[in-house]
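Structure, as structure tokens:
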Amino acid sequence: MNENRANRLGTGRIPALVFSMGVPAVAAQLFSVLYSTVDRIYIGNIPEIGRASLTGVGVALPVIIIMSAFAFMVGMGGAPLAAMRLGSGDREGAERVLGNALTLLISLSVVLTVLLQLIKHPLLMAFGASEATYQYAGAYLGVYLWATPAIMLTLGLNPYIAAQGRPKAAMAAFLLSSGVNMVLDPIFILALGWGVRGAAFATLISQTVSAAWTIAVLRSDKAVMRIRARSMKLEGDTTGGILRLGVSPLLMMGTESMVSATLNNSLQRYGGDLYVGSMTILLSLLQLVMTPLNGFTQGTQAILSYNYGARQTGRVKAAFKLIVTTTVFIALALSLTAILFPRVFAGMFSRGDTELIDLTARMMPVFLCGIFAVGAQIACQSAFLALGQAKVSLFVTLLRKVLLLIPLAVILPRFVGVNGVYYAEPIADLTASLITVTLFALMFRRILSNQEKA
């Protein structure tokens, strides 16, 4: 009943579909980000060198995001295209998208592994490392980069499992990697005394397990669209379609790297390692808040794409209304929890370092106070992508981070000191959300009307 799994995207009840697709995707991404958060908690609590180690890993984060960005480009760029083809009854075309995506992921992962290993020292120094923290950043990243192929295959292929109506199978890949990683972390980091290298080795092993699972699912007889050797030959139209839609997710993640690097550099300039360490904690918490939003919208993207391809615009409207309501609620609930209990969350990442805990707890309510509005922005940005509106999705992606957050993080500290770096986040969040929601309200009906007439 593989075909029925995909067909239910066009026939099932919208509320049941949205939550059956969205909740497993949220769980999958939460488990995915949970293991990196657990890494940082263990690292931050290493006796005597916890703060320096945590700061070093935080400096390495922009490089890691770059790698993930290319995986998201192929996964989130191609999965809506494959879902649209399934919606129009073109299963072979959907498999060509999947096959081309696999070839792209393998090629990109090899290039990135070699390139980033060669330039990791200047890259880390440019991203805010100091002489004191580079030894930890370099040690962590040197091992972590060998996991690039496995990480990119897991992140890049997982959306193709969800796109065929199998959210639980997609979730299982992240459950596997998270479970293995959380078992290995205390052994490698603390028991064996490997420190930051231990965290990276745990990631390498866990992501390899996850990648193997993902490929096995897409090769199985249960798959609606399967990985086939004949579909892996790159085709101009198919690859071009993936890349056109994938530019927005690439920049969405790539600009996260720019944001992290800009914040670290501004904090290093105006405050020093203590402030970079506090930002590592705040960005970890921000990631925990944003992950359910991204997971829910990505998990439900296939519903919008499938019904848009099938010209069932009423179902597209109903699904989007429920999606945006849910994301706003999630964003409000999670950010409010962190704002009300800042010392609890700050203390998880550092044992006994009162200076780091005090700074982080003081700035957390400021840093996260605008996140509630981002729920609507992410829902609109994801919907633009699901409906094939690559250029608009690209603009919305660049708006919050490149056009607002990065300039603000550079400019504000010149007038109000180091705290200006923290103020930049809520100002960018609220402004970008207002503009994005307004733009979506103006364009949504026209996009659906044009599809009905096509």
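Numbers here mean position along the shown chain, with the first residue as 1.
Yeah, the Cβs are placed from backbone N, Cα and C, and that goes for glycine too.
Keep in mind that what you see is a predicted model, and the values were worked out from it rather than measured.
According to TrEMBL, the transmembrane segment annotation covers 12-34 (among others). Beyond the ends of the transmembrane segment (12-34), by six or more residues, the same chain brings 158, 162, 165, 167-168, 170-175, 177-179, 182, 287-288, 291-292, 294-300, 302-303, 315, 318-319, 322-323, 326 to within a C-beta distance below 8 angstroms of the stretch.
Packing against the transmembrane segment (54-76) from elsewhere in the chain are residues 39-40, 43-44, 101, 104-105, 108, 112, 116, 120, 123-124, 127-129, 133-141, 144-145, 148, 151-160, 196, 199, 242-243, 245-254, 256-258, 260-261, 264, 273, 276-277, 279-281, 283, 298, 301, 349-350, 385: each is 6 or more residues past its ends and has a CB under 8 Å from a CB in it. Sequence annotations record features per position, and here TrEMBL assigns transmembrane segment to 54-76 (among others).
The transmembrane segment annotation in TrEMBL covers 97-119 (among others). Under 8 Å from some Cβ of the transmembrane segment (97-119) lie the Cβ atoms of residues 63, 66-67, 70-71, 74-75, 78, 81-82, 85, 141-142, 145-146, 148-149, 151-153, 156-157, 160, 218, 225-235, 238-239, 241-242, all in the same chain and six or more residues away from its ends.
Under 8 Å from some Cβ of the transmembrane segment (139-161) lie the Cβ atoms of residues 28, 56-57, 60, 63-64, 67-68, 70-72, 74-76, 78-79, 82, 97-98, 101-102, 104-106, 108-110, 112-113, 116-117, 120, 124, 167, 169-170, 173-174, 177, 195-197, 199-201, 203-204, 207-208, 210-211, 214-215, 217-218, 223, 225, 298, 301, all in the same chain and six or more residues away from its ends. If you look up TrEMBL, you'll see 139-161 (among others) marked as transmembrane segment.
Look at TrEMBL and you will find 173-194 (among others) tagged as transmembrane segment.
According to TrEMBL, the feature transmembrane segment maps to 200-220 (among others).
Annotation comment: TrEMBL describes 241-263 (among others) as transmembrane segment.
Listed by sequence, the residues of this chain that lie at least six past the ends of the transmembrane segment (275-297) yet keep a Cβ under 8 A from its Cβ atoms are 22-23, 25-30, 32-34, 36-37, 40, 44, 51, 54-55, 57-59, 61, 128, 133, 260, 263-264, 267-268, 323, 326-327, 330-331, 334-335, 338, 345-346, 349-350, 356, 359-360, 363-364, 367-368, 371, 374-375, 378-379, 381-383, 418, 421-422, 425. Taken from TrEMBL, the feature transmembrane segment covers 275-297 (among others).
Residues or ranges marked as transmembrane segment by TrEMBL: 318-345 (among others).
According to TrEMBL, the transmembrane segment annotation covers 365-390 (among others). Distant neighbours of the transmembrane segment (365-390): 76, 80, 84, 244-245, 247-249, 252, 282, 285-286, 289-290, 293-294, 297-298, 301-302, 304-305, 308, 316, 320, 323-324, 327-332, 334-336, 338-339, 342, 396-397, 400, 419, 422-423, 425-430, 432-434, 436-437, 439-440, 443-444, 447-448, 451; these residues of the same chain sit at least 6 beyond its ends, with a Cβ under 8 Å from one of its Cβ atoms.
Taken from TrEMBL, the feature transmembrane segment covers 430-448 (among others). Outside the transmembrane segment (430-448) by six or more residues, the chain places 308, 313, 316-317, 320, 370, 373-374, 376-377, 380-381, 383-384, 387, 389, 392, 396, 399-400, 404 with a CB less than 8 A from a CB of the stretch.
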